[in-house]
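Peer 1: There's a structure below that I have some questions on.
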Amino acid sequence: MTKLNAQVKGSLNITTPGIQIWRIEAMQMVPVPSSTFGSFFDGDCYVVLAIHKTSSTLSYDIHYWIGQDSSQDEQGAAAIYTTQMDDYLKGRAVQHREVQGNESETFRSYFKQGLVIRKGGVASGMKHVETNSCDVQRLLHVKGKRNVLAGEVEMSWKSFNRGDVFLLDLGKLIIQWNGPESNRMERLRGMALAKEIRDQERGGRTYVGVVDGEKEGDSPQLMAIMNHVLGPRKELKAAISDSVVEPAAKAALKLYHVSDSEGKLVVREVATRPLTQDLLKHEDCYILDQGGLKIFVWKGKNANAQERSGAMSQALNFIKAKQYPPSTQVEVQNDGAESPIFQQLFQKWTVPNRTSGLGKTHTVGSVAKVEQVKFDALTMHVQPQVAAQQKMVDDGSGEVQVWRIEDLELVPVESKWLGHFYGGDCYLLLYTYLIGEKQHYLLYIWQGSQASQDEIAASAYQAVLLDQKYNDEPVQIRVTMGKEPPHLMSIFKGRMVVYQGGTSRKNNLEPVPSTRLFQVRGTNADNTKAFEVTARATSLNSNDVFILKTPSCCYLWCGKGCSGDEREMAKMVADTISRTEKQVVVEGQEPANFWMALGGKAPYANTKRLQEENQVITPRLFECSNQTGRFLATEIFDFNQDDLEEEDVFLLDVWDQVFFWIGKHANEEEKKAAATTVQEYLKTHPGNRDLETPIIVVKQGHEPPTFTGWFLAWDPFKWSNTKSYDDLKAELGNSGDWSQIADEVMSPKVDVFTANTSLSSGPLPTFPLEQLVNKSVEDLPEGVDPSRKEEHLSTEDFTRALGMTPAAFSALPRWKQQNIKKEKGLF
């Protein structure tokens with residue numbers, strides 16, 4: 001049984017955020033130098049430890065990566081070391097199995113400049129790249145718009161296609177060729193990788209040139225080099241579309257109970273989507289199958305040792321039984337240390353006795369009583385992380401204008417109706433606040449539950465017009481009735497009233513109910529609202545205060561579980577609802593007229609409201625696209641401001657509200673489809689999300705602190721001096737004298753392997769096989785080039801000695817040719 005040796009334990013840093021990498025060499029873990037992080041050999045296996053800082057704690061991910069040409073023994077050792085490292089971390093890590101070519105986005109995200117897969121491995125003498133070494137000849141196929149994966153391919157035009165980016169790496173020169181159908185982001189990622197190779201692997205001693213496939217005529221010297229090295233070019237292959245995963249597949253969840261009775265894996269289906277946390281019992285192990293795309297194994301803290309230690313094996317056996325591809329991703333989750341990705345596959349994930357620090361949306365029936373803190377706008381912008389958690393840009397004391405949708409147009413709401421929201425109406429509310437001398441805007445779009453579809457559509461349309469009037473600066477916040485965020489409530493200072501239906505417009509012919517019942521929630525002027533409920537005794541709740549308005553009087557009913565602050569706020573909002581004298585009624589001492597107004601006594605909720613466990617919320621960022629006619633969201637892990645690209649739109653999900661960020665160069669269709677895109681995201685979310693979750697539309701350059709607070713070290717000036725693609729291209733290759741470099745590369749004196757390199761090229765004399773095999777330089781016949789022994793063989797002897805024809809041998813990568821020559825005694 002392999003074990004973490006003392007050297008590994010001694011060098012293992014488990015307190016500093018970042019990554020550490022080991023390669024499996026002779027069944028031992030050997031550290032990989034940090035200067036070569038992101039470079040992997042396909043003949044090897046690796047173990048990667050990633051440490052993340054989350055608030056005041058650290059979280060751990062352990063990945064073992066399997067190269068396609070690695071041995072079974074190496075794969076087994078990597079898996080065992082991963083389990084043992086998790087044990088060393090006391091079960092606090094999430095384990096991941098990564099297979100070459102099907103790496104998880106989490107794994108790729110660690111290597112911001114790109115993941116490079118090289119041919120060879122430790123068994124063939126391949127070492128991780130040494131800085132300043134220019135003895136390299138390879139062609140890298142660069143894939144990916146976000147997290148780049150670059151793999152070595154045959155050095156020939158046959159490897160190219162019109163849609164991707166390729167790096168021809170000749171040691172002292174790197175030529176980046178951009179397919180004519182590749183996009184700007186793919187080209188920029190390729191340039192970043194080329195720059196990384198130049199600066200990190202070559203110590204800055206390599207020239208980099210860029211060729212745009214649609215304008216090859218602009219780079220004649222670079223094209224001459226490429227044609228010399230790669231041979232004559234035929235018609236290029238068409239672009240290869242990136243594989244996409246349908247949202248429906250991600251949402252196809254099945255939970256299985258796993259037991260290992262009598263040495264046999266027994267799997268029993270427990271549930272399908274929607275999944276709830278209470279399905280997971282601490283005494284058991286489970287497999288969660290996400291549509292065959294990824295397999296999660298959950299290990300209960302009280303499960304038996306054999307089942308816990310065999311979790312990864314159970315997953316691999318499950319994959320075989322289901323006939324899923326061997327490259328299927330696997331994550332092993334420890335009870336109590338689950339990853340955010342795993343948690344959000346469930347409808348709700350809570351952790352007892354943990355404070356999340358996130359305010360909750362106030363809704364009828366289930367409302368978290370969160371104490372709001374009063375902040376001014378300047379403080380919120382200086383401390384955006386507080387603004388993000390409290391969902392407050394300021395204390396609500398800015399200027400406000402309110403319009404109602406009437407006949408599909410905007411009509412200002414009279415001052416006496418400010419703070420009154422009717423379920424039959426839609427409203428636009430423009431809030432203006434100052435940071436220094438600069439004005440900032442929030443545009444709330446409030447949509448009543450009984451408003452017509454035409455009015456709802458008109459509210460969205462009018463919001464666009466109002467947004468344009470203010471130069472696209474307002475942050476748009478869509479609010480469905482009952483989901484009012486804290487900041488909206490703070491604007492009305494404890495006097496916000498939401499009616500079930502009806503309207504406040506003039507000439508309204510609908511009869512106004514003579515008796516109305518309102519449930520009041522809130523503890524101060526910044527978080528209180530009264531929400532109309534059905535005027536029946538069954539609507540009461542012992543934990544709250546209710547206002548009962550009748551033709552003759554107004555009752556203030558105080559449940560036994562309400563607080564003094566709640567009673568005081570109810571008195572304040574009651575003055576907004578009724579000007580008559582308020583009669584305070586204590587639960588259990590109601591007069592007969594009170595019950596008569598409600599249609600008689602009836603049972604109602606009177607059990608003590610339990611202390612709500614705080615839901616674990618981890619913000620998640622997604623790049624969104626609907627260009628293919630269907631919605632696609634690609635998650636960005638360990639995100640920061642640099643991940644927000646000007647050409648794209650992004651979705652920031654903080655669970656009880658969703659931000660939609662629009663880059664200034666995003667296409668118009670994606671801008672228009674903001675609300676639809678977020679709705680589609682919520683519909684296809686595996687956790688069965690609330691479709692009425694507030695949606696906040698944010699434009700680049702006008703981000704509120706409630707958005708920027710989710711990003712570490714947000715720079716408001718980041719986009720003020722951005723360079724164009726042409727500027728970056730010129731900057732990358734502005735030091736190259738291409739004429740001189742072309743002469744050097746194409747000179748016969750320079751040993752550059754090309755697609756036309758022939759084993760029979762040059763006037764080399766032929767010798768019998770026995771005079772060349774296993775001979776030292778001193779024992780070779782006169783006239784033999786020691787570095788090209790195989791080229792002195794006849795075609796027949798060559799095929800017999802090396803097991804292949806000269807043409808087949810010449811098509812192999814250089815490293816593989818060298819290995820074969822060593823094996824056959826011709827090195």
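Glycine too: its Cβ is placed from the backbone N, Cα and C atoms.
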Peer 1: Going by what Swiss-Prot says, which of SER35, SER55, SER514, SER776 is noted as phosphoserine?
Peer 2: SER776
Peer 1: Swiss-Prot tags one of SER104, SER182, SER356, SER735 as phosphoserine; which one?
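Peer 2: Checked Swiss-Prot: the phosphoserine annotation sits on SER735.
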Peer 1: Which range wins on Cβ pairs under 8 Å with the repeat 'Gelsolin-like 6' (631-672): 27-76, 148-188, 407-457, 528-568?
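Peer 2: The stretch I would name here is 148-188.
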Peer 1: How many helix, strand and coil residues does the repeat 'Gelsolin-like 4' (407-457) contain under DSSP?
Peer 2: 8 helix, 27 strand, 16 coil
Peer 1: Determine which residues of the chain contact the region 'LPA/PIP2-binding site 2' (138-146) at the Cβ level, with the cut-off under 8 Å and only residues 6 or more beyond its ends counted.
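Peer 2: For the region 'LPA/PIP2-binding site 2' (138-146), the sequence-distant neighbours (Cβ-Cβ under 8 Å, at least 6 residues beyond its ends) are 105, 108, 114, 116, 118-119, 152-156, 159, 164-169, 183, 185-186, 189-190, 193, 230, 242, 623, 634, 636, 643, 813.
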Peer 1: For the repeat 'Gelsolin-like 5' (528-568), what's the model's average pLDDT?
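Peer 2: Summing pLDDT over the repeat 'Gelsolin-like 5' (528-568) and dividing by its length gives 92.
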Peer 1: Going by DSSP, how much of the region 'LPA/PIP2-binding site 2' (138-146) is helix, how much is strand and how much is coil, in residues?
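Peer 2: Going by DSSP assignments, the region 'LPA/PIP2-binding site 2' (138-146) contains 0 helix, 6 strand, 3 coil.
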